[in-house]
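Taking it in order: structure first as structure tokens, then the write-up.
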Amino acid sequence: MERTFIKDLKSKTGSEASISGWVDVRRDQGKMVFFDFRDGFGKVQCVVLPNSPAIALAKEIRPEWVLKIEGKVNARPEKNINAGILNGDIELEVLNIEVLNKSETPPFEINIDTMPVGEEARMKYRYLDLRTERMQKNIRMRDKVITFFREYMHKNDFVEIETPMLMKGTPEGSREYIVPARLFPGHFYALPQSPQQFKQLSMVAGFERYFQIARCMRDEDTRGDRQPEFTQLDFEMSFVKQENVLAYTEKMFIELVGTLYPEKKISETPFPRLTYKEAMEKYGTDKPDLREDKNNPNELAFAWILDFPMFEKNDEGEIQAAHHPFCSIKPEDKEKFMKGEDLFNIRANSYDLVLNGYELSSGSIRIHERTEQKQVFDLLGISEEEQQRKFGHMLEAFTYGAPPHGGFAPGIDRIVMILQNEPNIREVIAFPKTGEGRDLMMNAPSEVSEKQLKELGIKIDRK
Ligand code: ASP
């Protein structure tokens, strides 16, 4: 008999069916055995009657065993109907059980929410944690959100372009991960902190509308709910003004919520707009939480924060780009910028989207002229030699007909976290790392063999 997915069992009511999956909860009731059985797409109650040829085996099975079951799909008697849940009105009368694999007793219960379980155990046995209903939902909804974005982008003439993982650093204000290049001893690739430079170069290349579900890697010290790698909906558009990017993004988010989360309400449309200065003065933060009722999981308070400063001081008091060095300057501040005056009051054409107190995304209209880009590097105190070495390709690309362009990069983990009402992004990432950047399941990072180190020409200083 061909396998039926449990979600489709109802259509077989009155006939026989074969299902495969895992034993969920088991209830031995003397002569009969009841158990819930699940596959990737649903659950159903199974009944093994005292006279079933499968009864002896049914008494042996334990939670998480993998079975192939054949049986008869019966409508439940009226009084046993469990309205409102999948297969609440049918059950499978088991005629045959084939054990495909047994299971050890799991380190935590899988048929209840694992939120209260210690995170170490959940991470070490992530493949078990992911079997739970909440985690399955989170990961499947994440896929739906990503699919929505992909389709939305494609409908609007964007093309998805994969950009390299092995590259030279792109400054996004964090430390980068580096990868030794075996064929060039002493040389390293950097993993992308974002595809920023490639997306801009895709504009120079004439694609006009680029997007990518992009993995970004940043080597940050443990700081709140961060992950060393995360995912952005990275996009870039040519011949646009800030207003175009904002309008495009706003429409996309309204449609996302309406399509996938109709139970949620956006507090205000068009999304309220504040300048960075106004937000700081009024709320003391550039990611204000504008919800009326902060305990209402269905309230979504989006807001735009505009006109961020171009430059800021880092902890050592040195000047750095507040967002990244590719943002263009507001026309009103262009003169100061070209003269190199009053640097910390120069504003960029840059914008953030915040939601319920989280920064969802940053973006800007970019520089597309060489002189202006060089001026940013000069003001950042980057020497001529370093400019050439690090960003020579950008400066050169801008001399070959670079169009005006701008973009944005909403963080997918955060969006899904908020929409799924989860307290942190680890709940919506299939295989996340701990706060210290460790993968407890694979035990990464780990040491490499002497042979590998030798090939790479690397010596470890074990101090
Ligand atoms: N690359 C930027 C970031 O990762 C986003 C952007 O400016 O489009 O924050």
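Just so it is clear, glycine is given a Cβ too, placed from its N, Cα and C backbone atoms.
Features as listed in TrEMBL:
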| type | residues | note |
| --- | --- | --- |
| BINDING | Glu172, Arg218, His323, Arg366 | L-aspartate binding site |
| BINDING | Arg218, Asp219, Glu220, Gln227, Glu359, Gly411, Ile412, Asp413, Arg414 | ATP binding site |
| DOMAIN | 139-432 | domain 'Aminoacyl-transfer RNA synthetases class-II family profile' |
| REGION | 196-199 | region 'Aspartate' |
Practice problem: Around ligand 1, within a Cβ distance of under 6 Å, which of the binding-site residues Glu172, Glu359, Ile412, Arg414 show up? | Solution: Glu172
Quiz item: Going by DSSP, is Glu220 (ATP binding site) part of a helix, a strand, or coil?
Solution: coil
Quiz item: Compared by Cα position, which of the binding-site residues Glu220, Glu359, Ile412, Arg414 is the closest one to Arg366 (L-aspartate binding site)?
Solution: Glu359
Practice problem: Could you give me the DSSP helix, strand and coil counts for the region 'Aspartate' (196-199)? | Solution: 4 helix, 0 strand, 0 coil
Self-check item: Non-local residues, at least 6 beyond the ends, that sit with Cβ under 8 Å of the region 'Aspartate' (196-199)
Solution: 161, 163-164, 167, 170, 172, 210, 212, 234-236, 324, 326, 393-394, 407
Quiz prompt | Secondary-structure category, per DSSP, in which Ile412 (ATP binding site) falls | solution = helix
Self-check item: Neighbouring C-beta atoms (10 Å sphere around the C-beta of Glu359 (ATP binding site))
Solution: 16
Quiz item: Of all the Cα pairs drawn from Glu172, Arg218, His323, Arg366, the residues the record ties to L-aspartate, which distance is largest, in Å?
Solution: 22
Quiz prompt | Residue among the binding-site residues Arg218, Arg366, Arg414 whose Cβ has the most other Cβ atoms within 10 Å | solution = Arg366
Practice problem: With ATP as the bound species and Arg218, Asp219, Glu220, Gln227, Glu359, Gly411, Ile412, Asp413, Arg414 as its recorded binding residues, calculate the greatest Cα-Cα distance and give it in Å as a whole number. | Solution: 19
Self-check item: Most crowded position, judged by CB atoms within 10 A, among Glu172, Glu220 as binding-site residues
Solution: Glu172
Quiz item: If you measure from the Cα of Arg414 (ATP binding site), which of the binding-site residues Glu172, Arg218, His323 is the nearest?
Solution: Arg218
